[in-house]
Each structure stands twice: as C-alpha cells, then as structure tokens.
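These notes are about the structure you will find just below.
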Amino acid sequence: MLPMAGTPVLAAPAKLMDRIHPAFYVIVWISLSSAVIIFNKWILDPKTTNFPIFLTTWHLVFSCVATQILARTSTLLDGRKAVKMTGKVYLRAICPIGLFFSLSLICSNKAYLYLSVSFIQMLKATTPVAVLIAAWTLGVESPNLGILKKVTFIVIGVMIASYGEILFDASGFIFQVFGIGFEAVRLVMVQRLLSSAEFKMDPLVSLYYFAPICAAMNFMLFLIFESSSLGVADLLRVGWPTFLLNALVAFGLNVSVVFLIGKTSSLVLTLCGVLKDILLVCASMVIWGNPVTLLQFFGYSIALSGLLYYKLGADKISEQYAHLRGLGFNTRSLSNRRLGIGAASLFTVMVLGTMYHGQYPTRDVASMGTQASYSPSRFIPNNRVSRDRLDIVISMFQENTQTIHDQVVEILSLPQLSNLETKVIVYSMDKTADMVSLLKETGADAAESIPNIGRENGAYLHHILKQWDNLADHTLFIHPDFEDFNDVKARIEDFFLPSTGMLSLGFGHAECLCDECHDPWALADTWSRVPQIFSAVYGEICPSTNILLSYGSRFIVSLKRIKGTERHVYQHLKEVLESDEKHWIHQDERQPGMDDDPQSPYFGHALERSWMIIFKCSEVRLVKSCPKLGTRRKMEDWDDFCQCLDTE
C-alpha cells in the first residue's frame, strides 16, 4: 500500500454511498489488507514456489493497467489533475522513491519464504521506529528525545518477541529488516516530496504515478535473479486464475484505502492497522499452525502498547476530535469500544496462543534413557505418506559397475520392494565415464555426470535440489564403496515400512553434546560445524543436550522428512560444501590426518554425521536400542526400534 499525505481528492459520492456506514469501509479494508498478506504467504510457499520478485512485478503491472483504465472510466483518479507533475520531478523524485518501493516489496515478499506471518507482523511493529530514524538521518525532522522514549517500548517489545520466536530464520529476519528499512526511507522521501500542497496525493493517485517505474525496476531485477529458474511449469502450478485473483485483491486494497480515509479519518486507519496486526497473528496460528510462545505474547504486547502510544498520542486524538464528531461518533463510546475491541482481541490471541503452544513442545523425553531429543512431529508436515515409489540414488566415482549392478538387483529383490515403482539414478563424479556404457553396465534407469566435488554428500544434495518437485515417496541414498552390504540389505528387510521416516544404513548410531560435538567414533576429534548445521535446520540455537549422529552416508528417507527441512537449507549446505579454497569454511582447524580439498572437503565429514539432524530424526534412544548396523530385529521389537517413523 502506498502512502498518502493530506486529505485525498475524491469526487462527490453518490447518495447511496452516503448511506453506507463507515464501519463497512473499516471491515473491507481490514479484510483486504489481511487477505493480501495471507494470499501472498500462501502463494510464496517455499516448498512449491520461490519467485517473490515475479509476484511483485505482476502486482505492479496489473496496477499500471488498472489505474490507467480507472483514470479513463471513473472519477477515482481525478485527484491527479491537482498534481503538478513534470518530467523533471518524475525523474528526480518519483524514480528514486520507486526504487526503494521495489526493494521494500521484494524484501518483504522474500521474508514470507522463511518466516511465519505472525513473526513478520511482530517485526512490522518497528516500522514507526525505522521511519523516525530515517527522518532524522535525511534531515526531514529534528531528533526529539520525547519521541525516542515512546518508540523505545516498540524496540524492546520486538526484541523480546524475536528472542521468543520458535521458527526463527536468520535469512528471513534479515530480509524483513531490510524491507522495513527500505520502506522507511521511501516513506520519508514521499513525505519530503509531498510536503508542498501541489504534490498531495491519495494512495490511488500515488499508485498511478509510482506503479510504472516500480514495475520496470522490478522486471529488471526479475530478469537478473529469477528468470533463469522460473519456468512455465512453476506458473501453471499456481494457475493464472490464482494470479489474477491475487492481483485483484492487492489492487482492491489500494482502492479501499481511498474510501476508508475519505469516509473516516487517518486516526481510524491507524486503529484498524493495529487491530489487523492482532487478527493476522491469530489467523496465522489457525491457518498455518505457527507457534507463538508466551514470551512472544509478552514482547508483542509491549510493542503494541508502544505503537499505540506513539501513533495515538493525546495530540493526535485532539486533532481528530472535530472530525470524529462530524461523523456522528460519540467520543466516549468510541474510546470504550476501542478499549473493548483491543482487550477482546488480545484475550483471543492469548487463548489461541496457549492452545497452540501446547502442540509444539521444544523437547520430548526419549523412551530409553534420560537425554532429551527433539520431537519429529513438531517439524514434519502432517501429510499422509504414500509408499508408491522408491528412488535408489547412487553416488559413484570409479567403482566397479558390475558390483553396483548386482547390489541393486539384490536390493530390488527384497519382498518389501516388490510392489513399489522403483527407479535407479546414478550420479557419476568421474568426468571420463561414458554415460551410455554406465547405464548399460549398472542397469540404472538414469545416469548423470556431475563435478567431482563434495563426495557422496554433494551428489545427495544435488539430487534433492534438482528433483525437489519430483522426489519419490522414499529415497534410498547409497554409495557403492562398502563391505557390509549384507548388513545393509538385512536392515532394509527388517525395518523398511510405509511409515519409515529416516532409516540409517550407516555403521551405527551415536550421540554427542550439540553445542560441543566430539566425534563418538573418535573422541579426540571435535566437529565444530555440527552445532551450526543444527541451527540451520531447526532455526534455533544448539541446546546443551545430546543429539543423534550416524556414521556413513547411507540411508532411506521419506519425502516428508526431506521436505520437513526448508529447501534453502539444502541450498546453503551445498554452497558451503562445494565452495572453493577462498571460502571461510576452509579456515577451520582440521583433525590430524584429514585433508581439505574440493573433492573431499573437511566440512563433508561433519555433514556426513549430521544427516539424522538434517532429516530431524534426533531420537537419542536409537543409540541404545540400535547401536550398530548389524542389529537384527526380534519378534518383540517395535517398528521404530532402529528408525524414526513419520507420524500420521
């Protein structure tokens, strides 16, 4: 939504419009404002779509067309006739503002890929603070200690809410902070531009002037950052009717602002904005199940109180007194009504938060031992597992192709796999290999040559990212250089089920302290990057409890488990794993006797032991129940004796 200054220039409303109660415009604005945020969050699901710049560009192109049509067919844009716009003003003022507007929209939409709606709304409470700082920096306003004291409450509240955020992601937080910063600079620049009477514009007229330049800038950014990865299939997955409806809702929001300001006041708009933020926090908890902790409630309450104090001080209320009486509102009843709505909304948030807080435990105690582990049901989407398809992914270099062929045949002959649709994919890191011969000799269904970087971990990450939208219900990841094949086959035969989430086929399970991880198989070695891998996956600081590791990069994992971790986490791990010698990861102190080069990076050893963490199977009970690969299942053993199961 674009800013406005002064009272918008509107055509004389029709008699029918006069009879509509102002509450109708309030409800429409809150509904459309919330709908835009929820709609964008739904479209920008990181598991299906990842093109926030394109979405923003589409909104702006639609706004360009819509405002041009309205300018020629209605009186809604007659206010533009009072604006003294010239080519020089447009180039020197509108274009820079358009740039910051584009950057703000892009960063804000990017944040939806990483953060919950509830947390984003909490962070947006700091916007007045950012605007104030930007105004002081650009010299639009003079520093004021009294105002600084008011906004301090907002900063403190958001800091508390940020600390208590369960689904915290550093990338999303940074995008949102930059989005707020760009928005603050834009608003101050608009304020400076519109300070003279000849440039006062309502939001719809502002959109008329800003949309074309913003659309052009966003389109250039789209060509640079997203055009190569966005295909027709991605657009068809969402559907053009959905895109059209999304743009209509976004444009309808700008139109509703004009009517809301015209029929009420900017004070009412401010109150509606605070109420909308509260309702959005509730909605995100109900729709997406975003957890909101009691600490977040406490912090958000402080931030909201500070926001109300900053926006709705006694001076502003006094300024609007005459206008409110002109609308027929009783001041005392309005105050009581406002307090009642606020109290009821906060009470609703507290009740819902308490309910949802109980569904997202931070720890659960394992059935064996006293060490705590992370509950897989908290992180894995509750979608039903379908055991229709199994992909066997093999990472190889120059191993014997006949051995690979024989091992695959034996695995496929297991009774549990007889009714599955299976596909064998070989990733060869030998640049001299003949792919045609490799396919024939291994009996694989597909083969691909990839760079010899990162060993088998690099091949696994390559497959996950490339096949993200076409992953099998279960995937078996193996590399052929092992002598315990019979134990691997026995583990699959004993434990592979339709509900299998993560089944390690490595040498065994072990545990280490998360914040100081010593190698369970070589106690003198310390893996300093394991805590950071944990934080990247879980989005929180590594606790002082034990976590589960496995040795040997061989496992069967479900689609639910793979997609239970965000795609950008895999991308980040792959970038670090495949980085050149100049990257900071190669400055780590290495264990004696271990090399560090692109073909076998030292970071790869920590990653190899962390697949249980990556797929959120951190139940340390497996260390006692299933310590070694050779552990066979007995009749009395439960299904999860050697694995993590997906919950229904």
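Here the Cβ of each residue, glycine as well, is placed from N, Cα and C on the backbone.
Residues or ranges marked as transmembrane segment by TrEMBL: 23-44, 56-77, 89-106, 112-139, 151-168, 206-225, 240-261, 268-288, 294-312, 339-358. According to TrEMBL, the feature domain 'Sugar phosphate transporter' maps to 23-310.
The list of residues near the transmembrane segment (206-225) in space but at least 6 beyond its ends in sequence, with Cβ under 8 angstroms from a Cβ of it, reads 2-4, 53-54, 56-57, 60-61, 63-64, 67-68, 71, 77, 80, 83, 85, 90, 94-95, 97-99, 101-102, 105-106, 190, 254. Highlighted: of the candidate stretches 23-44, 89-106, 240-261, 240-261 has the greatest count of Cβ pairs under 8 Å to the transmembrane segment (56-77).
Confidence over the domain 'Sugar phosphate transporter' (23-310), given as mean pLDDT on the 0 to 100 scale, stands at 74.
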